[in-house]
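Student: Pasting a structure below so you can have a look.
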């Protein structure tokens, strides 16, 4: 059950990344992340109200704050890297963030079987290959640095989501969303102040930059829903199985993104991506059999 929930979370994270990456081509990554966090918080609050989960919020405290800050940094740097660099370079680097929770899990005493250890290695290789690495990619230094920052941030965020979920997954996500919205609010104020100080008539207005059209509104609602659902499923899976195992299964989101790109955008999978998908699924099978 733990691996199944982690796999479902990876499918939803992959869907969220696919939608967010596409929308970031038209809107600022900060705007996309900010509005998707609003949507995600709405879903979390509904869940907390329905389940009366408020008591766990002060208990989780800084765990949720750290997850919120690093998760926000991860999303913004990832979307920014995608908008400035090549997907085939940025995505594989970002996918390496799974090393963080795997290392933490093993350091805390996780003892996977020999078959599961083999599955972890095979799946990790598959995740990177499924992201479509470009050996000759011409991406500059900045997108690479941003992708590395995103990888580290995502890895830390996932680790703290798992830690907070030992107490309550919904409360952890609630604190994450509040923190992320706080950061978005500060950045919005800075943007407004800078816009007024510059007073450039040719610059786009803050209103046109921040507000979304109807289609984009539904997109950010979907992003918030899929991201929140993925976080909950991963958090619950981490309470049912070893962190080093569920972290790998939950990090197969590049596979979901690649499949969506092929089915929705009609993008053809490169041979290396097909090999990566096959290896990732083989790794998960080995983990499950172990």
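Even glycines carry a Cβ here, placed using N, Cα and C.
What TrEMBL records for 2-131, 144-288 is domain 'EamA'. The feature transmembrane segment is assigned by TrEMBL to 30-52, 59-81, 87-106, 118-135, 141-162, 174-195, 215-234, 241-265.
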Student: May I ask whether the transmembrane segment (174-195) has at least three C-beta pairs under 8 Å with the transmembrane segment (59-81), counting pairs 6 or more apart in sequence?
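Tutor: Contact confirmed: at least 3 Cβ pairs fall under 8 Å.
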Student: Check for me, if you would, whether the transmembrane segment (241-265) reaches the transmembrane segment (174-195) - at least 3 Cβ pairs under 8 Å, residues 6 or more apart in sequence.
Tutor: no
Student: Helix, strand, coil: count each for the residues of the domain 'EamA' (2-131), based on DSSP.
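Tutor: Per DSSP, the residues of the domain 'EamA' (2-131) fall into 111 helix, 0 strand, 19 coil.
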Student: How about long-range neighbours of the transmembrane segment (30-52): same chain, 6 or more residues beyond its ends, C-beta under 8 Å?
Tutor: 16, 20, 23-24, 72, 75-76, 79, 170-171, 173-174, 177-178, 180-181, 184, 187-188, 209-210, 212, 217, 220-221, 223-225, 227-229, 232
